[in-house]
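So TrEMBL lists the following for this protein:
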type	residues	note
REPEAT	12-46	repeat 'PPR'
REPEAT	114-148	repeat 'PPR'
REPEAT	246-280	repeat 'PPR'
REPEAT	347-381	repeat 'PPR'
REPEAT	382-417	repeat 'PPR'
REPEAT	484-518	repeat 'PPR'
DOMAIN	562-654	domain 'DYW'
Amino acid sequence: MNEIFNRMPRRDGVSWNLVISGYVACGLSGKAVEVYKVMVRDGVRDLNRITFSTMLILSSSKGFIGLGKQIHGQVVKCGFDSYVFVGSPLVDMYSKGGLIYDAKQVFENLPEKNVVMYNTMLTGFLRCGMVEESQSLFHSMPEKDSVSWTTMITGFTQNRLGREAIDLFRAMRLEGLSIDQFTFGSILTACGGLVALREGKQIHAYVTRTNYMDNIFVGSALVDLYSKCRSIKYAETVFRRMNHKNIVSWTAMVVGYGQNGYSEEAVRIFCEMQRMGTEPDDFTLGSVISSCANLASLEEGAQFHGQALVSGLISFITVSNALVTLYGKCGSIEESHQLFNEMKIKDEVSWTALVSGYAQFGKAKETIDLFENMLAYGLHPDGVTFIGVLSACSRAGLVEKGRQYFESMVKDHGIKPILDHYTCMIDLFSRAGQLDEARRFIQKMPCRPDAVGWSTLLSSCRIRGDFDIGKWAAESLLELEPQNPASYVLLSSMYAAKGNWAEVAQIRRGMRDKGVRKEPGCSWIKYKSRLHIFSADDRSSPYADQIYDELEKLNRKLIQEGYVPDMSNIMHDVAESEKIKMLNHHSEKLAIAFGLIFIPPGLPIRVVKNLRVCGDCHNATKLISKVTQREILVRDAVRYHLFKDGTCSCGDFW
């Protein structure tokens with residue numbers, strides 16, 4: 001193209017514009033700019049509105065604001081500043097560069113404006129968060145088309161004004177305007193952000209009456225909607241019915257499964273995506289790694305780490321952050337920190353992931369040091385960061401420091417506490433034995449604690465033997481969630497510790513009469529990409545004989561180390577030998593025995609439990625880690641426990 005152009009004996013504006021447009025179309029922005037400069041140098045006679053429009057669109061798309069300003073000067077010099085065809089890309093260029101008032105000045109100086117020009121200005125206002133200005137301009141428009149309405153709906157959605165977006169969508173329908181894939185995509189996103197399932201279903205029904213049911217963009221938005229509304233089965237149904245899928249569709253399903261607690265399904269659908277020939281992007285890979293972190297599945301997570309390295313996606317901060325979280329949640333905090341150090345770019349999420357990783361394993365000093373370094377770098381912690389810091393203070397018994405951080409979170413960082421922050425403070429006071437202070441803190445809270453908060457206090461009262469506050473916490477928990485077995489179980493444990501078996505029996509009768517059932521405890525361990533699940537006294541495993549033999553050997557070693565079974569919470573009318581058997585065959589002990597048999601020496605044993613680890617299993621596992629010289633990571637319903645050399649990361653208070 002360039003060779004032919006250079007041979008031309010005579011060139012006019014059309015030939016110059018064709019060369020510039022050709023370079024732009026081929027992605028050769030630098031060449032296009034060079035040709036434009038030569039064109040200007042040779043004289044302005046061939047410059048026209050096509051030239052300026054093309055170059056302004058290039059400047060806008062590439063963020064060449066300095067070049068755009070120079071072209072604006074030439075536009076004025078050549079007398080093209082009154083042309084809508086040139087004015088529209090000028091407005092777009094300035095607004096994309098954050099120079100919204102320059103864009104507004106260009107817009108207002110145009111003597112004539114068409115609907116395209118108005119739509120460009122609307123987009124600029126909304127892109128800069130100037131919602132009121134966009135509304136005023138929208139209502140003043142002499143003519144509106146479908147793009148105008150869709151622009152406003154999209155802008156409302158992006159500015160988290162979902163309810164306004166839905167109202168405007170209804171008004172658009174009443175106007176009888178055509179609705180395209182972008183309108184549907186934006187309004188479904190708005191419904192998802194509001195968790196407005198009813199409105200989302202209504203729009204879904206409307207979609208089925210149009211030609212957009214098979215549209216990838218709309219289908220992906222529907223999957224995202226149902227996922228955010230925790231209707232994962234609807235999301236899956238929509239996804240399976242889609243005739244065509246792209247990376248956005250697959251990612252929506254991967255993220256949907258992960259956000260709804262179906263982490264295994266997220267991994268499965270990711271692998272299916274790859275088998276179907278769709279390669280992941282950074283967001284998809286980061287999402288599936290996050291699901292592995294939720295499963296505490298280091299085996300699969302490490303495979304995805306390898307994929308990130310081979311594909312080059314490790315350079316994306318979304319992937320690196322997910323990997324830092326993965327290794328932290330899987331107990332490999334050293335690997336997590338090493339990855340963090342290797343990251344060329346770190347954001348608040350990176351720091352928070354590492355802070356949370358150290359906090360989960362009771363490494364209070366490291367957590368606090370990291371947090372202080374984060375502040376020193378001028379980064380702004382969010383609510384999640386403070387949950388990690390407050391949790392670390394709680395583990396270390398740093399009551400005053402925890403109180404200072406809580407106050408700083410509100411006063412210095414403008415973060416409004418949520419229930420998780422209040423629960424951390426309740427745990428802080430309770431762990432330190434300041435149960436009266438915990439009660440006073442609860443009484444001053446602007447809202448009542450949730451079930452986790454009350455359970456935290458109740459559990460502390462059980463350990464500390466404070467029956468009065470414990471009873472208050474139990475009654476409050478029962479009032480909040482009458483069907484929650486935690487209050488019955490913990491209160492029963494308190495009576496059992498005092499030997500008041502009549503009260504224990506009465507509580508259990510009350511549970512039976514009210515139909516309250518304690519969730520069965522189960523533990524699982526992953527080996528060779530397969531989950532092995534155990535319940536108490538479970539003999540369903542094909543390796544049951546080996547597991548129980550291993551438990552017998554372990555028990556003899558533990559007794560030699562001074563282990564005494566804690567039978568205070570088992571009913572008094574059960575024979576002593578039966579009590580010991582019941583304790584020895586708890587689900588987490590079965591899973592640990594399986595790990596000792598099959599997980600190679602030198603590798604940590606990782607167990608997940610759906611309930612809290614009981615006191616006896618906690619003490620026994622500390623000794624198991626000592627006599628076997630193995631690291632054992634147990635993630636229960638409340639926290640992570642890293643057992644090593646006879647100690648636990650959470651200390652003696654779990």
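Glycine residues also receive a Cβ, built from the backbone N, Cα and C atoms like all the rest.
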In terms of Cβ proximity under 8 Å, which residues at least six beyond the ends of the repeat 'PPR' (114-148) contact it?
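Residues 84, 87-88, 91-92, 94-96, 98, 100, 103-104, 107, 154-156, 158-159, 161, 172, 177-180, 183 contact the repeat 'PPR' (114-148) from elsewhere in the chain.
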Please indicate, using numbers and ranges, the residues of the same chain that are 6 or more beyond the repeat 'PPR' (246-280) and have a C-beta under 8 Å from a C-beta there.
216-217, 219-220, 223-224, 226-228, 230, 232, 235-236, 239, 287-288, 290-292, 294-295, 297, 300, 311, 313, 531
Can you tell me how the residues of the repeat 'PPR' (347-381) break down into helix, strand and coil by DSSP?
26 helix, 0 strand, 9 coil
DSSP on the repeat 'PPR' (114-148): how many residues come out helix, how many strand, how many coil?
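With helix first, then strand, then coil, the repeat 'PPR' (114-148) has 26 helix, 0 strand, 9 coil.
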So what pLDDT does the repeat 'PPR' (382-417) average out to?
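Over the repeat 'PPR' (382-417), the predicted model scores a mean pLDDT of 94.
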When DSSP states are grouped into helix, strand and coil, how many residues of the repeat 'PPR' (484-518) land in each?
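Reading the DSSP string over the repeat 'PPR' (484-518) gives 26 helix, 0 strand, 9 coil.
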